[in-house]
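J.: Please find one structure pasted underneath; my questions will follow.
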Amino acid sequence: GNHTLLSDFVLSGLSSHPELQHLLFFTIFLVYSMTLFGNLLICMVTVHPTLHMPMYFFLRVLSFLDISTASVVVPKMLLNLLAEDRSISYTGCVTQLYCVVFLAATEWYLLAAMAYDRYVAVCSPLRYAAIMNTRVCLSLVLLCCCSGNVVSVLQTAWVFTLSFCGPRRINYFFCDIPPLLMLSCADTSLYEKQLISATVLVILTPFCLILLSYACIISSILKISSAESRHKTFSTCSSHLTVVTLYCASGTLIYLQPKSGNSQDTKKILALIYTTVIPTLNPLIYSLRNKEVKEVLIRVM
């Protein structure tokens, strides 16, 4: 048919109710400010000489990824809550999708690497320094970034080879794969199968590796004679697993069924969790509950 090629898209935003726009703006602005402050604090504190350990190196990278993820999505979302014009250019949409997928995939692989680091620290403490040396840590982060880049390039290129014949309104607050598939006038069944495979590779496989690592960690913890030490380690593991499970659940519910009958508002909430809420929780869960980090933070302040 005679289809008009789109030069831009319009993001509908979080809510269609005008009376909620200002409340949403201030709430999300507050959460975004907390994300920036908490993660920047972790980035600064973990460079302290007393925290030159692989765990804190990974935490610093995680904080940088969280800042980047929130900054790719939230500023445009805040602007759209107040502006009349909610359009985003075709190039801007491509760039935003690439960045979101790259950062999310890289973070998943990094979480798996962090779980492996904790496994080595707990299960092989005497060999920890030799196994997790500087070269290994840098190689793991580089591998995570390269893998995330490959996933993002393939996903973004595949999505934008589809024909978008209108309407140009995206019922979402940023450019993501499921709402873009809804705008395509081509048959997307093959792409949906490919997306399910990518979701298993990027989300479920690292999640299973994380669970396996923590299962080994918990097995080692049970051998600790001190009840206080067991309780402390269990508390840390449960906090980590809670955030990872929340992240996994929100991601899989969105991407495993991209064109499901689930409410689009529900998908918006799930997407808000992994792009805005979890980057705020990570500094609290992974770092600010850590005794060594708190001691350095107090000393620096």
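Glycine residues also receive a Cβ, built from the backbone N, Cα and C atoms like all the rest.
Not my notes, these are from TrEMBL:
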| type | residues | note |
| --- | --- | --- |
| DOMAIN | 38-286 | domain 'G-protein coupled receptors family 1 profile' |
| TRANSMEM | 20-45 | transmembrane segment |
| TRANSMEM | 57-75 | transmembrane segment |
| TRANSMEM | 95-116 | transmembrane segment |
| TRANSMEM | 136-160 | transmembrane segment |
| TRANSMEM | 196-222 | transmembrane segment |
| TRANSMEM | 234-257 | transmembrane segment |
| TRANSMEM | 269-288 | transmembrane segment |
J.: Checking distant contacts: for the transmembrane segment (234-257), what same-chain residues at least six beyond its ends satisfy Cβ-Cβ under 8 A?
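T.: Non-local partners: 104, 108, 111, 115, 176-178, 195-196, 198-199, 203-204, 207, 210-211, 214, 217-218, 221, 267, 270-271, 273-274, 278, 281-282, 285-286, 289.
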J.: Who are the chain neighbours of the transmembrane segment (57-75) in space, where the CB to CB distance is under 8 Å and they lie at least 6 residues beyond its ends?
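T.: Beyond its ends, the transmembrane segment (57-75) has Cβ neighbours at 28, 32, 35-36, 38-40, 42-43, 46-47, 96, 99-100, 103-104, 106-107, 110-111, 113-114, 117, 137, 141, 173-174, 275-276, 278-279, 282-283, 286-287.
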J.: Please figure out which one of 20-45, 196-222, 269-288 racks up the most CB pairs under 8 Å against the transmembrane segment (95-116).
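T.: Per the Cβ count, the answer is 196-222.
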J.: The domain 'G-protein coupled receptors family 1 profile' (38-286): mean pLDDT?
T.: 86
